[in-house]
C-alpha cells in the first residue's frame, strides 16, 4: 500500500461482538497487495479444493496469558501472519495498533484483516471488526479505564483466515499520567514580606494528571493546623493565615506527588513589625555651635534589617521637634548650626520597612550653646591720600558749527581736590560773558556757545587748577558764514 490506511473500531465486551461494520477511510492499496489481489482473481477461476476455515475458538489462549496454538501449516490459499504488529498509542479510552502486510498473500488474494481481543481472565477471542478491512492500522475506542487484554490480527482470504500475529504483552488501558509541575507566581519567587496582623493568602497553581496529592511543610515541619489553613484542588493549592505573627516567618515548601513522581516549590515568608527605639543615647560633647551624640542599636529590629535612624532636635524654649538626619546609618553624629544662647534636647528613632519606631530615645541632659568670650581687636585704619593734580581724561575736539545754532564743547578732567575750571578764547578769559555758559559736573566740563557767529571762531582753552597743579586742553572752533547768492 502506498499510504497507511487507518480504521477505528469500538471494542465490545467479553461476551459481545461488534454488530456494526466500522467505517474505513479510503486508502490506496500498495503494489504488493494490489498485485496479489489481481492474481487471486485470476486463480479464482480455476477449480480449487475446498478448505475448511480455521476456527478462531481453536486458537483461544490461556485465561491469564492467551497463547496461540500453532495451526497446521497453511495451504497456499491462505495468507501468512501479518508482520510487525505494534501498539502505537494507548490513551485512557482507546488504543491504536498497526501492522505490515503478510509476507505471503495466498493464491486467492487478500480480502482484509480481522482484529480480535481477549480480555485478561477469559479465554474467548472477540472480533473487533466482523468484516475484514483492508487497513494496516486500527483504533479501538470506548475502552473502559482499567481494561487489560491481549490483541491479535489475522489476514483473511476467501479460503479463510491465516495464522494471527499476537502481541507479546497485554494492553493496559489506564489514565494518562501527566508529571506534576508547580508554577510559582512571580511575586512569590522572592521573599514575601507581610506585617504582623496582616493575612497571608498564597495560591500556588500546579499541573498533573490524574489529580496529584499536595502537601505543605514549614521549615521542614508539618504545618500547625490551628494557625494555618490549606485547601488543595485539582489545579492549585491555597495556604491561608488569618493573622500573621513573626513565628510564621520561614520557608514554606509545597510538594505535589503523583504516581511516584513529585515536584517541589519553596516560598520564603518574612513577617515584620516596627522596630524598638535605640537602647540608649548619650551627649558626648558640646563645643561652639555643635553637639556630638552617640547611641546603641535597638534590641528588637522588627524581624528585619534597619533602614537607618532619624535624629531630631528641640529647643528648650519652644519644645518643637525638628528632623536633623533621616535614615542615618552610623550610631554617632555631630549636629551643627545650633543657635548661640539656646539649649537643646535630642532624640533618635529607629526605622525599618514598617516605618519609624513607636517611641524614641531622648537625651536627659541639655546641650547649652554658650556665647564665646571674644574681645574685638580693631586694626588701625590707615587713611589713603587720594590727592591728585588735574589731568584731562578726555580732551577737547575741534568743532565746526553753523551760525545761529548753539553749539557745545566737551572735555573731562580728574583731580583731587576738586579743581577750578577756567574757559578762555584765544587765551582771553571769557568767564562772565553772557554769550557763554560753563558747566562742570562729576568731572565733565561743558562750554555752551549761544548762537555763534563767524566772529566766535577761534581757539578755546579749558584750564583746571587745584593746589597740586594745573592742566589745560584746547581746540579750534570754526563757525562758517552762510553762503550768499
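Each residue, glycine too, has its Cβ placed from N, Cα and C.
Positions annotated as region 'Disordered' by TrEMBL: 1-80. For 1-10, the entry in TrEMBL reads compositional bias 'Polar residues'. The compositional bias 'Low complexity' annotation in TrEMBL covers 54-70. Taken from TrEMBL, the feature domain 'Fibronectin type-III' covers 81-176, 277-372. The domain 'Ig-like' annotation in TrEMBL covers 180-268, 390-474.
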The domain 'Ig-like' (180-268) - residue tally per DSSP class, helix then strand then coil: 6 helix, 52 strand, 31 coil
Secondary structure content of the domain 'Ig-like' (390-474), with strand meaning DSSP E or B: 3 helix, 53 strand, 29 coil
DSSP helix/strand/coil residue counts for the domain 'Fibronectin type-III' (81-176): 0 helix, 46 strand, 50 coil
DSSP helix/strand/coil residue counts for the domain 'Fibronectin type-III' (277-372): 0 helix, 49 strand, 47 coil
